[in-house]
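The structure appears right after this line, and notes come after that.
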Amino acid sequence: MTKISVKTVLLYILLGASQSASKWLPMIPDGSHQVITAGANLVLTCIYQYRDEYDANFSNIWWTLPDYVEKNTIGDLHTRLSKTFYRNETHSTSTIVLLRVRHTDTGFYGCEQNSWNKKKIQQYVYVYNDNSFDSKSSYLTFMDPYEAAYLAQQGVSLHVPCKPTHPNLNISVIRTSQLTANGIVSTDLKKESGKYQEDLLSELDSNWLLKAERGLTLTNPKVGDAGKYGCIGTMNNITDEKYFDIYVKGMEVVRVGEMEDPVEGANATLICRMFTETEFSSPPEWSYRINNTGQMRIINETSPPEGIQIKTQRWSKEACISGCREFTYFESRLDLMDIKENSETTFQCSAFIDRQSVSKIILFTLKGINYDRKQEIITVIATSVAIILLMLFVVGIGMKLYFDKKNAKEEIARRLGGNPNGINPDLPIEYQIEFLPYDKRWEFPRNRLTLGIQLGIGCFGRVVKAEAIGLKDSKETVKTVAVKMIKSQSDVVAMDALIRELKILIYLGSHLNVVNLLGACTKDIAKGELLIIVEYCRFGNLQTYLINQRNQFINQLDEFGNMKSGINAEHPYIRQHLCLSANGKRNVVQQKAHIDGDPAYNFTISTRDLISWAFQVARGMEYLASKKVLHGDLAARNVLLADDGVVKVADFGMARKMYYDVNYEKKGQGLLPVKWMAIESLTDHIFSSQSDVWSYGVLLWELFSLGKLPYPGRNAKFELIKVLQNGYRMEKPDNAPNFFGQMMADCWKLEPNERPTFVQLQQMIGDYMEPLTAADYLDVNVPRQSCNEEINRSSSQMSTMPNEEPDYQFAKDDEMTRL
């Protein structure tokens, strides 16, 4: 028995820590699919972690292979495929090795364990021949290589297993011939630049479907679909073609010619097509419904009624489809000539197919030719007037949209332009954002940004995961980023708020503990699209992370609420960050950042982690305050966790102005973050850096309660205001050190001036932390500050803005308007 390698065990340990659906049975390599080159060896490993003693004694791992690989009895699978199995006290491991893979090995490979709680995982493997000089490169694979013809039942979907061997392969379907009463007739195909123009998959009403893992599907097949088809695969200017025949057993009746119902005196043609085995079939027979009785009367083909002609043709061929036998195709044509008002319009085609009687009915309505000339004139005049009015309406709407778009574009340009000379250094930047200019150095081409899944959604905007190609000075060609946008392109107020946030992010510059700007797409603002590209923090917000990791929390407090002694600090990591230089280029700077472990590899959190995050948030808020920027919605849900245990303050600017606008205050589920707001903000709408300090105290409570909702049991705004005015404050969470309990109480003092500043908060936490840890954190943002100073020197207009922490507060929006 082959033992599992040390590398595989390490991979198992990492995968075992995952919270995904494949936690108990991961496959290595992971992913929904992989591409492997023909001739290489395919190696797949499944690891099952025991859940109980029964699993340890009786569980086993089974493998499933693609049908063709598993059922190909004439192949050499027994010499190419090997399986190994290993078991210990905690897990079982099974590995399959398929040697010298070929394109026919493409398909699903899966493993499952057979305990009472069965688990199953599978991966689709593409086997691709990448030799572009080989004219016989197999880009397509047929799972039935010895089947060149398929027999379908009319109306029952037919599966044709023509599959691509690479996910980037472009597949098209052509029809090279069709079955008629005269036999197989070739179709006229046109080529341009070596490619067929008639692709059945791209037709609007096509009944062909393609799914890479399953192949082609002909939905609702009809007898008239019979013929020869080609499955064409193209990639890297090389084409692979597989051809096959399709026959459809059954009967169909159609009316050919114009789609509209015929008028009196016109002709009409009905065709009954039938395909079946010759031995158990009979020719089709026509009948019509007698109008006055409703009974069906058979039409004698040799002596039909006046105005009816019938011609039936047959064509037979021996076909080998699951065995060789003779099939017959019938095509019976019924011509109706000089249709009269009393002519029959309901017809039936009947025959025996596989010893069963089958019939199809077709009917149509006869349109009269006698009409009122006066009524026709009235109809024409009314229609003309309606068309003219409709055209005038459309023109009016078009002109309105044009001028609205023009005015909106000019207004957006005015907002982006800004006026740095109008900035008053004595006022908070919050109410002077319209003076901040948009720096075009941050513009990023929209066509190099691919939007992905949605990460979050708020009252006014949403955030999606995206991939940016060629981001300046990024070590990765394709970098994962987060993109902020408004929910509705017609929401002018939300767009205004997003523009405000973009200007704030440009003005702020770079800081380790603030979500930093990477670029923006502003070219389509007039169409309601503004995209802000920021750093992607793959572990999400702190609130959700704390809730998910609550069961893995390690409490490092003693029985007296103080940190236990003897807990050593980790070594600091060396991190790289970017800054924007004065000439528009970004420079790479080195800096140290103390961490308590990457959450991707350490899924437990401890008291030290909570203290670390509290310190980093204070650092980020100190930086915002020094730039005269208020947050207004500081909470664990608005703090993101990045790699290496770094937290970043986010979501300042987008919704804040709308939060505090009385026009956006809702009843019930309101927009105001009531439980995080300072008492003066709730009662008088007064906001300041010290009201952010109050919110920071609530965030500390969230941290040490591991994501619980503040003020449990108190949901009404008026009730909360009343108890706060009477002196009520939340108790220190059990997991919080005594030091932070006192800090929370200081943050929630009634008078804003009695609360500590963020400078004092980060200093106090730094003094409380171990000397090594504090020293690392005090130096962590020095390189970023140098970068920001370089940017400020390049923009002389911004050099007048002070960087000291403001000592100010501002009043309600209506009072601010009068300043």
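Every residue gets a Cβ built from N, Cα and C, even glycine.
What TrEMBL says about a protein is an automatic prediction, not a curated fact.
Checking the ranges 70-99, 790-819 against TrEMBL, the region 'Disordered' annotation falls on 790-819.
Contacts of ARG462 (ATP binding site) defined by a Cβ separation under 8 A and a same-chain sequence distance of 6+ are given as GLN454, GLY456, LYS484, MET485, ILE486, LYS487, in order along the sequence.
Straight-line distance linking the Cα atoms of ASN638 (Mg(2+) binding site) and PHE460 (ATP binding site), rounded to a whole number, equals 15 Å.
Other Cβ atoms within 10 Å of the Cβ of GLY456 (ATP binding site), summed over all protein chains shown, number 15.
In the structure as shown, the Cβ atom of LYS484 (ATP binding site) sits within 10 Å of 25 other Cβ atoms. The DSSP breakdown of the domain 'Ig-like' (26-122), given as helix, strand and coil counts, is 18 helix, 45 strand, 34 coil. For the domain 'Protein kinase' (449-769), the predicted model reports an average pLDDT of 82.
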